[in-house]
Amino acid sequence: IARSTKHGVHRGMSSVTIPPPACMLRPLEAPFRYLFGPGPSNVPPRILAAGGRPIIGHMHSEMFGIMNDIKKGIQYAFQTSNNMTLAMSGSGHTAMECAVFNIVEPGESVLVAINGIWGERVAEIAERMGAKVHTLFKTPGGHFTNAEIEQALAKHKPVLFFLAHGESSSGLVHPVDGVGDICHKYNCLLLVDSVASLGAAPLLMDQQNIDILYTGSQKALNAPPGTAPISFSERACHKMFNRKTKPVSYLLDMTHLSNYWGNDGKPERKYHHTGPVSGFFALRESLAILAEMGLENSWSHHTEVAEYLWKGLEDLGLKLFIKDKDLRLPSVTTIAIPEGYDWKELLAYIMKHHQIEFTGGLGPSVGMVLRIGLMGYNCNKANAAMALAALEDALKQCRKSKA
């Protein structure tokens, strides 16, 4: 603090009035947990090591090379040849907002399939940026027929239709075959959320005529949360780059992001924002692991472990929330809350005595389900057996009401 005296200006020795917090003078502590919920999943040592490498500048040529690798890895994971493929600097919600903000203009019509929390989120995002939002609604666990989708498209004439492929709040994997064709018949773009399903359940972006597809880094890809792969078809790009208005977000504006990722055909990449360098290192490693394993092997492995888990749960006398086996999400299994038990007490017991995270429902499925996620690195029968043993112990030890 400067103050004037007759001898001139004196600066105070210190203007700091807030002392260093005691917690900051202690080392960081974080427990080891088995993350067998719907995500994030445990990060394997190889990906942790990649993320822990010394960072380089976000505009260095070597970084652009790593970003190019990530693009190719996403193209493989999504099964797409789309040039407009990149990773967002943020979690899955960032990709969700990027898709809506860049494709939709204020006043345009959007159709959202809501059968869990992710449809609810997209509807709110679209509403906030001024779209006319129409919804198709089912309770958690429900799915939409292609006929129901077509009827709504014909009625509302939206520019964009949203569908969650992996609805992790209910444990449902939604059929996608034919939906892209129906959307294109009505001059509508198809947006699909595969955050919980990518790498665990079959999804083929180009073959299934998906226009915008996104996922997150922290589920079956096993990278830390904070990056989100996304890809846009040629149809989506035509709509996105022929807007009358600028997208509401500068950070998520694809005219800038397409340049940052070297997708706009321009010779020079210009500074837009500082990407998460360590996050991109980790994401590249996770995509490399998926490429080494092979998509088909990853899909079949998740199904095999899920079926082992489902049988074990039924042997414990528990009911699976999604009755139709073909509609169950292999990465996130939902169990109907067993009668007479307090679901919060079960989860707390398992965390305290087994250091295992399971979770309850999310959004509209709260109070309806328990969720167990076995994804990527966590997806093996030994972990499934550990999860079943912990659940069996909790069912014996926790109070069951006499009601």
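Heads up, the Cβ atoms here are built off N, Cα and C, so glycines get one too.
Per TrEMBL, domain 'Aminotransferase class V' is recorded for 34-379.
Close to Lys219 (N6-(pyridoxal phosphate)lysine) in the fold, though at least 6 residues off in sequence, lie Pro38, Gly39, Pro40, Ser41, Val195, Ala196, Leu198, Gly199, Ala200, Ser331, Gly373, Met375, Gly376, each with a CB less than 8 Å from its CB. What TrEMBL lists as N6-(pyridoxal phosphate)lysine is Lys219.
Here TrEMBL flags Arg371 as substrate binding site. With a 10 A radius on its CB, Arg371 (substrate binding site) counts 26 other CB atoms from all the protein chains.
If you take every residue in the domain 'Aminotransferase class V' (34-379) and average the pLDDT, you get 97.
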